[in-house]
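Under the heading transmembrane segment, TrEMBL lists 21-45, 65-88, 109-125, 145-164, 208-224, 244-266, 315-332. The domain 'TMC' annotation in TrEMBL covers 133-239. Under the heading region 'Disordered', TrEMBL lists 369-397, 502-575. Annotation source TrEMBL lists compositional bias 'Basic residues' at 374-385. What TrEMBL lists as compositional bias 'Polar residues' is 514-523, 542-557. Summarising the annotation, TrEMBL assigns compositional bias 'Basic and acidic residues' to 531-540.
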Amino acid sequence: ESLSEKAHRERQTVSQKLKHYGIYIGSWLLSTSLAVGCGVSIFYLCQYEDKQAVDTETWSLLQEAGTLLVPFVVSLMNMVIPLFFSLFNKFEHFSNQRKQIYAMLFRNVVLRMSILSVLCYYWVYTVPQKFTCWEPMVGQAVYRLVIVDFIFLMLGSFFGEFLSNVIGTTLQPRLGVPEFDVARNVLEIIYAQTLAWIGIYFSPLLPVIQILKFFILFYLKKVSLTRNCQPPQRSGRAAQMKTIFIFLLFFPFFVGAVSIVAYTAWSLTPSEQCGPFRGLNSTFSVIGEWIDEVDKIPGSEWVVWIYQNVIRSEIFYFLVTLIILVIIYIFWQLTQGRKELIVLLRQQIVNGSEDKSFLLDRLQNLQKSDPKHNKQKKQTTHTKQHSAEHSSGRQSHSNAVVQVLLARQQLEEEERRSASEVAVPSDISTSDAMMQAMLARQKAERQDENFYKIPNEHPPSLDAVALSMAARQRAEEEDEYWSMTDFNQSNPVNRFGMQARERAEGNREDDPNDASSPVSSVMIQVMQARQRAEEEERSQSTRVPGQNPAPSGSSALIQAMLARQQAQNEYDDGY
């Protein structure tokens, strides 16, 4: 609503603003004039009734019916004038729904307060001078207002909502179903409750009539709402509207009703011929006479003391007022602190949005300046997917562990067999370990390629890791075994190793480009492994922290390289 109102103000030109201000001023002048005119008309109508009225003992049936003129006119005004206020709202074109509701509420409150002010003035100042038993006259007038208001509310629900629904659905569909006006209905309830507060002094049984009236109205409005009306298309905020309604119920209606009753009890002289307070100077003086009667009763001195030192003490009311003011000040300070906190939170929201905009701009600039960013992003995304799928294949870990244990058991059996049989030269054993490591590395590469081609497969590179680890362990154990043996030229095993070395070198000299020779194949694989390891190190150095690690094929590659390097070193030492 705030954004739409701001945009609406920004789009308006000077001529449009002047036009709207003119419409606002004209609408407020008309609505205020209607409210004041209704109050003045009620005042002259009461004076006319006062001229026609005589003492209640000589009233005829026609005169009794004439007393319904003022309640009828008041209830008719309360039902018709708000319709003109709604017509004014259609011409004003409020951009904010809350302002429209507030304007409607204020105009209706001014209308009802003007009518009630004139009626209370007539009841308090004119009726006591005209009639000897003026309290029952005022009570009867309030009772008639409550009953006639109830009749008009029922007629308004029937003609205003039921007939509008029939016309909008059958005769004129373009009119549509009427909306349920929450503000108008709440003000009607507040007005009826104010009448009950004013009349409770003059007619003590009036609250019972009011309870029955509200009970019937509740179910009547409920049926009318569900069958004849639709909810408002634009409703105000419920919490704020509830606060406004409670404030209106307290001030000016409750405060005004209490003021009228207090003025009547403290200032006006009761009737001399009727009522429970006849013969007294004021209604409040009955408390003094009651205290005098209680003082004669033994053991009731504390009641007299409370009345003399607390109820009639100005200091007590001063202290109560001071405590209330302190409580109000505390709540006011809490409200101000919350308002300041709201301002700070809004500023934090603005700062957070500015920081996000700044970071987005920096990120866009970095993406434009770094062409490799997209490629790295794709690699990072692929790595995340690979790791996510790897986490789902936890069962392959157990298979790898089982293969490692089997490989280790096989190595131990081969060691025991080699210890009992003829020893094998270290260069042949290390080259065998080196070849096994290279085969493990090739198997890891093939499995990685198959994994990237088949996205749903689980990464089986842990098997290659296990084989390479087993090969490396076997090479280390055999190196330890052969390192304890003395080699010389006369040793047939050593001569066998030298001949294998010479055949390998001869094959390399005969066909240096042949990739099938052991040494050249090993060298090519070592170069490829080293290049791939460097590339993976560079990709890992640029990886963002918190991402999943690289595929386990790289660990198998590194294990294979280490196994080959150690085997080559041992081979050179033995040579």
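Including glycine, each Cβ sits where the backbone N, Cα and C put it.
The stretch with the most CB contacts under 8 Å to the transmembrane segment (145-164), chosen from 21-45, 65-88, 109-125, 208-224, is 65-88. Between the transmembrane segment (109-125) and the listed ranges 21-45, 65-88, 244-266, 315-332, the one holding the most Cβ pairs under 8 Å is 21-45.
Residue counts for the domain 'TMC' (133-239) under DSSP (helix as H, G, I; strand as E, B; rest coil) come to 81 helix, 2 strand, 24 coil. For the domain 'TMC' (133-239), the mean pLDDT of the prediction comes to 87.
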